[in-house]
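One structure below.
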Amino acid sequence: VSGRPATFLEDFRITWSDSHIKQIDGGRAIQLILDQNSGCGFASKRRYLFGRVSMKIRLIPGDSAGTMNSDTDTVRDELDFEFLGNRTGQPYTVQTNIYAHGKGDKEQRVNLWFDPAADFHTYTIMWNHHHIVFYVDEVPIRVYKNNEAKNIPYPKFQPMGVYSTLWEADDWATRGGLEKIDWSKAPFLAYYKDFDIEGCPVPGPANCASNPRNWWEGTAYQALNAMEARRYRWVRMNHMIYDYCTDKSRYPVTPPECMAGI
């Protein structure tokens, strides 16, 4: 089990355009660059089965419409934070998505209640046998429960790595592709620091993932506590702008996981 703060040099590898990623602060932070020549990406050197990953990120300031920052086999499990860019003065939208046993299309979008380009904020995914929770600064913005007992797929067999990219997505990222990248504002810069990965590394001890004594499987992490539940409802009521669960044009019949609550 990895229980120490990660550093970029020790725990991550560059997967795309090393000339567009700069290590700063002695390898404890990195700068990602998007220009007309290329985007960039990095990934963890190891994969994990259950646990928690968090990073502090400072997003692209000003006019970043059409840019995207994302965590990206035919049957895959995947948990996504996707930052969809904005026009100056408009809210910055975070999209989350979940793939379980190869099935995705579970998008939800939240307008952030702060300026994510003004300072670093912490983005976290908690993944255990009970649920998956997406957090922004310890505020839960999405919960996906384990409802295998109701024949609803839940990711628990495939280890996942941490993968992040900064890339051009102006065909769909901002307002469904209506807002295009203004390359006169390039280069676009995003910053990452305080990498923290705690989970069962694969390959690693075979019994780690099923060990109920792992801290992330403890009683305190099996459901939202009262304060988290209040914050979760506040986000859903005041900042959610899209939920696939209520999109009748895509899903005339409400998907079964949408009726499971938190």
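Even glycines carry a Cβ here, placed using N, Cα and C.
According to TrEMBL, the feature active site, nucleophile maps to Glu78. Of all the Cβ atoms in the protein chains shown, 17 others lie within 10 Å of the Cβ of Glu78 (active site, nucleophile).
Note on Glu82 (active site, proton donor): other Cβ atoms within 10 Å of its Cβ, all shown chains, come to 20. What TrEMBL records for Glu82 is active site, proton donor.
The annotation domain 'GH16' is assigned in TrEMBL to 1-192.
According to TrEMBL, the N-linked glycosylation site annotation covers Asn86.
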